[in-house]
Amino acid sequence: MPGQIPLIGEKLPEMVVHTDHGPKKLPDDYKGKWLVIFSHPADFTPVCTTEFVAFAKRYEDFKKLNTELLGLSVDNSFSHIKWKEWIKEKLNVEIPFPIIADPLGQVATKLGMLHPEGGVVTVRAVFIVDPEGKVRAILYYPLNVGRNIDEILRLLKALQVTDKLGRATPANWPCNEIVKDHVIVPPASTEQEAKERLQKYECFDWWFCHEKAPAEDVEEAKKFLERPAKELCK
């Protein structure tokens, strides 16, 4: 049976995992960094191969956000190594990040990553873990749909901005249809604060106020928007 999924805001379960880069202690080995853990159904499968190539091509973007990548599947380390070699030889892409080898599904069980009807098969899950080891975001994709790496980067950047500013980001940030690249100010908690904020911020009403985000954060976030079809579909 699949394990209980760690909830947003909870600590990532402590465990030692085995990867093709050697053992890793989670979350301690990544303390001070953001971590994206993502599971895939199996090595040597077409959709998973496209995902790993996509993650590898954006690896430097993740590094700029102080973020490490960590893959996971129920394959063993030998399979991971051979798959990476195949990707390098056939597609000329180096996979620079480690992959957890979890042939018994023990790690996937702890993280709730097993497909409920697929036996020991990992789903396409994404966990974003902050520098303190807390789970901050969780994404799940069906087996027949590959992940969008641009959106994972945008989500990661938005989490970092909201932590820094104590604000929230609107839909489609940093290009929202209503407030553009601004961030949302949390609602007032007193009548006096509600009156004051109408003079302090740009507001549609006292409960809907917004302000500019730092320009450098906005520009970086825009790089992680889904790239136009003209660029992606060349």
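Note that Cβ sites are derived from N, Cα and C of the backbone, with glycine treated the same way.
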Exercise. CYS209 has a disulfide partner in Swiss-Prot; which of CYS203, CYS233 is it?
Worked result: CYS203
Exercise. Hey, what's the Cβ neighbour count for CYS48 (active site, cysteine sulfenic acid (-SOH) intermediate) at 10 Å?
Worked result: 22
Exercise. Do you know the mean pLDDT across the domain 'Thioredoxin' (6-161)?
Worked result: 96
Seminar exercise, completed: Using a 10 Å radius on the Cβ of CYS209 (disulfide bond), the other Cβ atoms enclosed count 21
Problem set entry | Cα within 10 Å of CYS48 (active site, cysteine sulfenic acid (-SOH) intermediate) - qualifying recorded positions among ARG124, CYS203, CYS209 | ARG124
Exercise. Reported as an integer number of Å, what is the Cα distance between CYS209 (disulfide bond) and ARG124 (substrate binding site)?
Worked result: 37
For this session: Restricting to the same chain and to sequence separations of six or more, state which residues have a Cβ under 8 Å from that of CYS203 (disulfide bond).
Result: ARG197, CYS209, HIS210
